[in-house]
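Peer 1: Right, I'll just put the structure down here and ask away after.
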Amino acid sequence: MNFNFSRFQYISNIFFILIISFPGGLIYLLTGSTLSFWLRESGFDKITIGLFSLVNFIHIFKFLWGPLLEKVSFAPLSKRGYKYCLIIALVSCICCVYILTNFNPNTHFIPFALCLVAVAFFSSIYDMLLQSSQMLLITNKNWGISEAACTTGFRIGILIAGSGALYLSTIISWQDVYRSMAILCIPSLLLIIIYPLKFKDKTIINDFDRFWYAFYDFIKKPKWLIIVSFMLLYRLQDNFLSIMPNMFYLDIGYTKKDLALGYKAFGMCAAILGGFIGGFLCRKYEYFYLLKRALIYHALSSLSFLFLYFYNRDITSLYIAVFFQEFTKGLTMSPFFSYQLRCCSSKYCITQIALITSIAYISTILFGSISGYAATYLGWTYFFLVAGFCFIPAYILIKYLPPYVIPS
């Protein structure tokens, strides 16, 4: 039997993407949802907790240093330069998380916040490199699968930093929880160090003396303003909800252990399942069909919050509601991220992916920062009703998107 080296390379690259995606999800939650529980137990109100999402504002501007990172990553060190950038970004994230644990948010508010911003900064660099790895290592026909792998690794990181951290917080201090989370990133770091990178297109690592053309290349694409608007609005529902579901579940009587198992662990499994199904469906159906259906299903999931609020608050109902919410969320992500990759040119992948994800992050920061105000002044009923209608702008824009923006 002949050994199929190309298939082995493809599978190993998928596995590599999955493993290095783990720290991305873990660190993402440490500055988001998990942080909200720490702040809540430290005595902060919903409005202040919502405003803490502004620490991730740095993600909005990552496209500004994307070209510099692109030049450093690929020339003159080529694959080694790319690997060095991954290592430096991840090591910096780990160190900043560890430094964060030396501060109490009540007594050392400013240094605590500054450390969070530093974590977000290095996390944004790591995310850019992580997302571009799919374009560098995987052929475009398999981006749906690679995105499912990336989402799975990311979601596992979220699971550990969510369910695992929440459960640990009932046993040890939040400072020790965050130290434990930082240590868990080390296996991914070791894999990055030892894994032999093999880019599918060697032209990617040549001649970036005029890297600013990445922006010009993007605005030459058909209907680029509609693409930008779509990236801004697609995740409007999730961004509006932000970290408020954490507060909602606590307010209606669920304990941290209930949420660790039901909301975080079970919900993450549902999201991973949705992500994989979405990834495989990308190979069978066109993107716009999936994007529309996923948006509608996910919008309906807002009703599950109201079901818990008005009718039933037992554990079984929590699991049903969480499955609906998280499965549909996972279903929306694979076609969305895969379409993002199709909007980028391979030779400018880091800069253009940074630009697109920065645009998407504007919505995350803007609506996440006001979610606390909205939940406080609207009340839970109207808050979740408004969230349910947030899919409409993106749904309308899908009709006007260019069908396929194939990377050059």
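Even glycines carry a Cβ here, placed using N, Cα and C.
Relevant sequence annotations retrieved from Swiss-Prot are reproduced here:
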TRANSMEM  10-30  transmembrane segment
TRANSMEM  49-69  transmembrane segment
TRANSMEM  84-104  transmembrane segment
TRANSMEM  109-129  transmembrane segment
TRANSMEM  154-174  transmembrane segment
TRANSMEM  177-197  transmembrane segment
TRANSMEM  224-244  transmembrane segment
TRANSMEM  261-281  transmembrane segment
TRANSMEM  294-311  transmembrane segment
TRANSMEM  315-337  transmembrane segment
TRANSMEM  353-373  transmembrane segment
TRANSMEM  378-398  transmembrane segment
Peer 1: Can at least 3 Cβ pairs under 8 A be found between the transmembrane segment (353-373) and the transmembrane segment (224-244), with each pair 6 or more apart in sequence?
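Peer 2: Taking Cβ pairs at least 6 residues apart, the transmembrane segment (224-244) and the transmembrane segment (353-373) are in contact, with 3 or more under 8 Å.
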Peer 1: Within the same chain, where does the transmembrane segment (109-129) have neighbours whose Cβ lies under 8 angstroms from its own Cβ atoms, ignoring anything closer than 6 residues to its ends? I mean 6 or more beyond.
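Peer 2: That would be 23-24, 27-28, 30-31, 35, 52, 55-59, 62, 65-66, 69, 73, 82, 85-86, 89-90, 92-93, 96-97, 99-100, 103, 350, 353-354, 357.
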Peer 1: Looking only at the recorded stretches 224-244, 261-281, 315-337, 378-398, which one has the largest tally of CB-CB distances under 8 Å to the transmembrane segment (154-174)?
Peer 2: 261-281
Peer 1: Quick check for me: are there 3+ Cβ pairs below 8 Å between the transmembrane segment (315-337) and the transmembrane segment (224-244), leaving out pairs under 6 residues apart?
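Peer 2: Yes, these stretches are in contact.
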Peer 1: Six or more residues beyond either end and a Cβ under 8 Å away: which residues meet both conditions relative to the transmembrane segment (10-30)?
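Peer 2: Those are 86, 90, 93, 97, 119, 123, 126-127, 130, 133-134, 137-138, 142, 145-146, 149-162, 165, 178, 181, 184-185, 187-189, 191-192, 195, 198, in sequence order.
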Peer 1: Any residues 6+ beyond the ends of the transmembrane segment (378-398) with a Cβ under 8 Å from its own?
Peer 2: 226, 229-230, 233-234, 236-237, 240-241, 244, 248, 251, 288, 291-292, 295-296, 298-300, 302-303, 305-306, 309
Peer 1: Determine which residues of the chain contact the transmembrane segment (84-104) at the Cβ level, with the cut-off under 8 Å and only residues 6 or more beyond its ends counted.
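Peer 2: Long-range Cβ neighbours of the transmembrane segment (84-104): 20, 23, 27, 30, 42, 69, 72-73, 77, 111-112, 115-116, 118-119, 122-123, 125-126, 129-130, 175-176, 178-179, 181-182, 185-186, 188-189, 192-193.
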